[in-house]
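These notes concern the structure reproduced below.
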Amino acid sequence: MASTFSGDETAPFFGFLGAAAALVFSCMGAAYGTAKSGVGVASMGVMRPELVMKSIVPVVMAGVLGIYGLIIAVIISTGINPKAKSYYLFDGYAHLSSGLSCGLAGLAAGMAIGIVGDAGVRANAQQPKLFVGMILILIFAEALALYGLIVGIILSSRAGQSRAD
């Protein structure tokens with residue numbers, strides 16, 4: 001029985017692992033950031049209910065992290081088709097590193113957004129002048145995940161360049 005598979009047979013495992021890592025770790029960061037900052041919003045809402053909608057910014061920013069992981073997971077999974085084009089270990093490792101860079105950056109950013117969001121909205125309830133500072137810190141925390149997304153896209157674009165087919 002002849003196989004139509006071309007490339008290394010174990011390589012797609014690493015590629016799919018990268019796609020899963022991107023989505024899982026990014027969503028873990030998004031979930032932690034949403035939960036942690038959501039607790040702060042709920043606590044602050046008891047004291048100053050008029051500020052609840054203004055204080056929802058960290059929750060939204062944390063939710064975006066999951067989208068970054070989804071983007072990389074889709075890019076990686078569409079690049080894995082060993083029956084159409086040879087897929088070697090280089091390609092699998094490129095996709096694995098792409099997924100890990102985006103996923104772990106999203107996890108770190110989610111932790112930062114959660115902690116800053118929780119403390120920031122509580123502090124904003126007591127001193128409204130802190131809002132702009134809180135937003136700036138959240139933007140810098142979100143940028144960490146954006147760096148992971150950019151590096152993930154660059155690394156996943158390297159897949160397929162290992163050999164001239």
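Just so you know, glycine gets a Cβ as well, placed from its N, Cα and C.
Caution: TrEMBL annotation is automatic and unverified by curators.
Annotated features in TrEMBL:
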type     : residues : note
DOMAIN   : 17-76    : domain 'V-ATPase proteolipid subunit C-like'
DOMAIN   : 97-155   : domain 'V-ATPase proteolipid subunit C-like'
TRANSMEM : 12-35    : transmembrane segment
TRANSMEM : 56-76    : transmembrane segment
TRANSMEM : 96-118   : transmembrane segment
TRANSMEM : 130-155  : transmembrane segment
Contacting positions for the transmembrane segment (12-35) when only residues 6+ beyond its ends and CB under 8 Å are counted: 58-59, 61-66, 68-70, 72-73, 76-77, 79-80, 82, 87, 89, 91-93, 95-100, 102-104, 106-114, 117, 145, 152, 156, 159
Positions whose Cβ lies under 8 angstroms from the transmembrane segment (96-118), at least six residues beyond its ends: 14-15, 17-37, 39-41, 57-59, 61-62, 65-66, 68-69, 72-73, 75-76, 134, 137-138, 141-145, 147-149, 151-153, 155-156, 159
Per-state residue totals over the domain 'V-ATPase proteolipid subunit C-like' (17-76) - DSSP helix, strand, coil: 57 helix, 0 strand, 3 coil
For the domain 'V-ATPase proteolipid subunit C-like' (97-155), residues assigned helix / strand / coil by DSSP: 58 helix, 0 strand, 1 coil
Outside the transmembrane segment (130-155), six or more residues from its ends: residues with CB under 8 Å to it: 22, 26, 29, 54, 57-58, 61, 64-65, 68, 71-72, 75, 94-95, 97-99, 101-106, 108-110, 112-113, 116-117, 120-121, 123-124
